[in-house]
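Engineer: Per TrEMBL, the features are:
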DOMAIN    126-425  domain 'SAM-dependent MTase RsmB/NOP-type'
BINDING   C234, A235, A236, P237, G238, N239, K240, D258, D285, D305  S-adenosyl-L-methionine binding site
ACT_SITE  C359  active site, nucleophile
Amino acid sequence: MALYATAASVLANVESRRGSIKGLVYASSFQNVKQLYALVCETQRYSAVLDAVIASAGLLRAEKKLRPHLAKVLVYELLLGRGFRGGGGRWKPLLDRHQARLKAELARLKVQRRVSRNEDLLQVGSRPGAASQVPRFVRVNTLKTSSDDAIDYFKRQGFSYQGQASSLEDLRALKGKCFLLDPLLPELLVFPTQTDLHDHPLYQAGHLILQDKASCLPAMLLAPPPGSHVIDACAAPGNKTSHLAAFLKNQGRIFAFDLDAGRLASMATLLARAGVSCCELAQEDFLAVSPSDQRYRQVQYILLDPSCSGSGMPTRQLEEPGAGTPSKARLQALAGFQQRALRHALTFPSLQRLVYSTCSLCQEENEDVVQDALQQNPGTFRLAPVLPSWPHRGLSSFPGAEHCLRASPETTLTGGFFVAVLERVEVPSSVLQAEASAPELTLSAAPRNKRRPRRTVAPRTLPPTEQVLLFLLP
């Protein structure tokens, strides 16, 4: 099966320090990047355990054509993963021949280390902590279906719907085939932690988006109404973009930018599957986009989720070999880019509301970036007070930082995240100019027969080939 061969190739390249897991996954030709990413991360997490089991079982000695990285992926799937349910291809018979020995060696390793659970075999640094309690959040794509219809579908499949959650304890208590409706987002379903929906027909059809709750906050807080023009400044992989399109109901326009052609191609596939038709993708550096370009004169909403250290992601230690707490030099470089991107975004003349977000826990990438932007635009933008009941607020590094939101597995039962909402506090000059260009004709003293009618220019309609970046698809 192509999944296992691709996962083995990614692992080999990670070991050779040819890139991060995420970068290599997106650069691969495998279509289901989330499935591939999950398999590679989990195999990497159990790497030492798998090496011990494979060596003890003599698998590589018995199967001389089986390469080490592929063996590791296959043994993970057999012993710790999904067990080749409905797949495995030509590798399943090979592993079946060694299944009893491999299972026996795994059991022997547990006895030797005096543990009973697979995860207890992990080294302390690799064991799941609070992040292991984060449930599976599933956003219903309202461009294609409704929450009620999705709930009914799951109930027909034997899932037990528990209604709308009232607290985090309700989410923590989820087990088996039970699920809830999130208390904050009406389109967000919540399942137990280990629920795997990558092969679910609703996900495959684009009716469901597998997206952490914290990652849903930016689009929800930006909340552009239908007909709006929106910029998604650093858009790939596209989950937030599809969420914005759902708010727009595909009415309006989203300008989405990203520099990576491979990520944009994957994003175009995701958006097409999600039924997004109001988005124009461009392989372009957002910092090079001119705010004076007439195409963006109506942009009132910007979502800026720039590259960051990813220190809030539960699997961050697997993102790059040896990754952990980002170095001071790397933080400075990232914060410098983030500051430039936020300053640039605030120069768009019709901008009314902007959401800045990261999946980082570092103050340098979060509160410090927002404070810098506010200092550069005194009296023009302010931090909007949002979600007053949200339990985790911004660090008290400057007055008003409590209006920022933070998220973590411990406090909000989500991935680590940061969100700030900036809104304009004055009427933009472009609006004043637009009003000034529309004279009140009833006050004119000129003779009625000498007044020239204003000429109306129809807006340019983009041809279909300029929609959703078909030219980026192979």
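Yeah, the Cβs are placed from backbone N, Cα and C, and that goes for glycine too.
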Engineer: How long is the line from the C-alpha of D285 (S-adenosyl-L-methionine binding site) to the C-alpha of the residue listed as 'active site, nucleophile', rounded to the nearest angstrom?
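Structural biologist: About 20 Å separate the Cα atoms of these two residues.
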Engineer: Between the residue listed as 'active site, nucleophile' and K240 (S-adenosyl-L-methionine binding site), find the distance joining the two CA atoms and give it rounded to the nearest Å.
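Structural biologist: So the Cα of K240 (S-adenosyl-L-methionine binding site) lies 13 Å away from that of the residue listed as 'active site, nucleophile'.
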Engineer: Which residue among the binding-site residues C234, A236 has the fewest other Cβ atoms within 10 Å of its Cβ, if you could check?
Structural biologist: C234
Engineer: Given a separation of at least six residues and a C-beta threshold under 8 Å, show me what packs close to G238 (S-adenosyl-L-methionine binding site) in the same chain.
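Structural biologist: Within the chain, G238 (S-adenosyl-L-methionine binding site) has Cβ neighbours under 8 Å at A256, S266, M267, L270, L271.
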Engineer: Near K240 (S-adenosyl-L-methionine binding site), how many other Cβ atoms are within 10 Å of its Cβ?
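Structural biologist: Its Cβ has 26 other Cβ atoms within 10 Å.
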Engineer: Within a 10 Å radius of its Cβ, which of these recorded positions (D285, C359) has the fewest neighbouring Cβ atoms?
Structural biologist: D285
